[in-house]
Amino acid sequence: MEDDAPVIYGLEFQARALTPQTAETDAIRFLVGTQSLKYDNQIHIVDFDDENNVISKNVLLHQVGEIWHMSTSPADKGVLATCYNKPSDSKVLTCAAVWRMPQELEPGGHESPDDSTSPTHTLELLCHLDDTSHGSTACVTWEPTGDGKKVISLADSHILLWDLQESSSQAVLASSASLEGKGQLKFTSGRWSPHHTGTQVATANDTTIRGWDTRSMSQIYCIENAHGQLVRDLDFNPNKQYYLASCGDDCKVKFWDTRNVTEPVKTLEQHSHWVWNVRYNHSHDQLVLTGSSDSRVILSNMVSISSEPFGHLVDDDDLSDQEERRPEGKSQEPPQDSVIATYEEHEDSVYAVDWSSADPWLFASLSYDGRLVINRVPRALKYHILL
């Protein structure tokens, strides 16, 4: 099989939640959460054997409800948070809980990953984050560089900072803040910045992006009308501390410098429907991944606003004869931003894309019909970046 060929895994269920196992830096492992109204919901732990191009899986039962969002502890491989639907009285609330996976998961057999006979394991509930007085939880985000003891949950119009204590068996509300204004204000997503010693979080509600200081729970910046329609997702550049990417229902992906939010630094308009997800590569921040309801995944090269805007430094010895004949004084042009590749292995809305935490050249995408696709950055580009 050629190196850049995609690997496809089909769940038997609809799904929209995907996350890498953040603390796992050796094995290539993604978690996928299902959305089924008829059957018990599941979390599929999908392992990818890069050398043999084989997927294996373990299945965890998540009996409390359909999974809308998942995130994993940056410090403890076994711990994750889910946001799930729970019918309550006349309405459905989305709750959040922190769980521990069983310690000894058998590596899935290398038969067909679609084999429905694989054994199921149960999750151990550590604690709930859903004091439902705050409403429905949209997402849970972990302090990225922390010890896995701090999480923020976004519930309706509330931003809640939790301390996980007693081996994560207890969640203590450390501080909180609320959106103020007219109408029903609801958060849609949020990301904790890996910079500023973990003191900044960005949130999206409706068309607005806000920055918060976690020490005072006060607002640092506000980008009103960041998108023409709902903002779906945010991500911070891992290497440039003020840079933030956003995407939304106006089909656009925008890049912001949070020190000057009057207008975006760059805008991408490659998708033809809502953009659900935007993700920076953890190591090479010029690589940006997006997934959309147009069923496509797009990998972009945003080199002009990356931490290495001129690519790598070029030695005179490295120049080929052709380059040496360049007239004196003519400087090298900086590389242009471009779409590297458009991936069309999905036939349904792509609700989630994410990079592997173990292999910087590998990413996964998930469409609503339960199709998980694992792809690699094209080899030619990989070597161009590395060499």
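For all residues, glycine too, the Cβ spot is worked out from N, Cα and C.
Listed in TrEMBL:
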COMPBIAS  322-331  compositional bias 'Basic and acidic residues'
DOMAIN    7-299  domain 'EIPR1-like beta-propeller'
REGION    309-338  region 'Disordered'
REPEAT    224-260  repeat 'WD'
DSSP helix/strand/coil residue counts for the repeat 'WD' (224-260): 0 helix, 17 strand, 20 coil
Non-local residues, at least 6 beyond the ends, that sit with Cβ under 8 Å of the repeat 'WD' (224-260): 188-191, 193-196, 202-209, 211, 266-283, 285, 288, 290, 292, 300, 302, 305-307
The repeat 'WD' (224-260) [mean pLDDT, rounded to integer]: 96
